[in-house]
Structures are given as C-alpha cells and as structure tokens.
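Peer 1: Quick one: the structure is below, and I'll ask about it shortly.
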Amino acid sequence: MVCLVSRTGRQSQRYNKGRRQVVGCIPYRLKISSDGTISDEFEVLVISSQKGHALMFPKGGWELDESVEEAASRESLEEAGVVGNVERQLGKWDFLSKSKGTFYEGFMFPMLVKEELELWPEQHLRQRIWMKVDEARDACRDWWMKEALDVLVQRLSLLSLKPMEEDENLPLISIY
C-alpha cells in the first residue's frame, strides 16, 4: 500500500554549510532488442512544477531519517507516482534557486521504472509526461537537471554496446 500524503516542511531536512540538500531522480524506461542489446531508444518521465508552468524531474528535500537513495525513491513516488530501481548516483550539482535566491546541493539518480501508479500523493498538483530524451532536455527548466540527463544518456549508451547476459543483475526490463 502506498501512502498518499507527501512529506512537507523543512524542519527535518539536511543542510550542508547552509545549503539545503535536495535529491532528484530521472525516471526512465528502456527497450531491449531481440538480440539482447539495449536499444538506444529510451524515454524519461518529466513532471510539471506545482504551479504547472515548468517541466522538471522529481526532486525534493533529503530528510534526516533516510539515505540519499531512499530520498530519491520517495520523491519519485510522491511527485511522479512511479516506483523502480534507483541506480548509481549521476552526480552532485551546486545551484542557485532563481525564485528564492539561495544555494542548494542537488544529487541526481536514475531510476529504472518498474511500475506507474494510478494514485499517488501529488497527482492533483502535477502532470507526468513520458518524453524522448531530446524533448525532455529542451523542456526541462533547470540546467543542472539537463546535465544530469546528459550523464544518464552517456551511461546508458555505454551499456547499449554490450549484449545482456541472462544471469546479469542489471535491473533492466522491457516495458514497451
């Protein structure tokens, strides 16, 4: 069962030298070709901002009672209504919030989506849209999220050169 309430407030969030630490996730889905290689076609899931004027990847504050990977998973569930395998970190970015004028540390992770939920905590606040990578790069509001997407594309392109073995533990599935 999924909790249909998002965490709110900043009292239990992590800070480093005055910078709020936020964690984001790039939900994606792959296609595996018949010869066992990963197709270069994959899509990423973007969400609308709460006010609906911008597109981005799920992200939010990293809470004191969770690991960074747990935070990435929670944000994807709360904001985009997806669950899956959180993979190795894409990187850390320091950025300035245009609206608040404060600095943040942003950690980004890829998530191979295993399930899209029909009900999720912020479904009435946000839209979710599957896009091709180029479309998402153009649509995404934040430069640091675009850079994280480029890291993911590079990582997955390296995987696509290698045929999949049946006993490999890579969390790759075909959802097309």
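Each Cβ is built from the backbone N, Cα and C atoms, and glycine gets one as well.
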Peer 1: Given 60-81, 82-103, which one carries Swiss-Prot's motif 'Nudix box' label?
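Peer 2: Going through 60-81, 82-103 one by one, Swiss-Prot flags 60-81 as motif 'Nudix box'.
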Peer 1: Among the binding-site residues listed here, E75, E79, which has the most company in the form of other Cβ atoms within 10 Å of its Cβ?
Peer 2: E79
Peer 1: Can you tell me which parts of the same chain pack against the motif 'Nudix box' (60-81), counting only residues 6+ beyond its ends and a CB-CB cutoff under 8 A?
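Peer 2: Non-local partners: 2, 6-7, 10, 12-14, 20-25, 27, 45, 47, 89, 107, 109, 111, 116-123, 126, 128.
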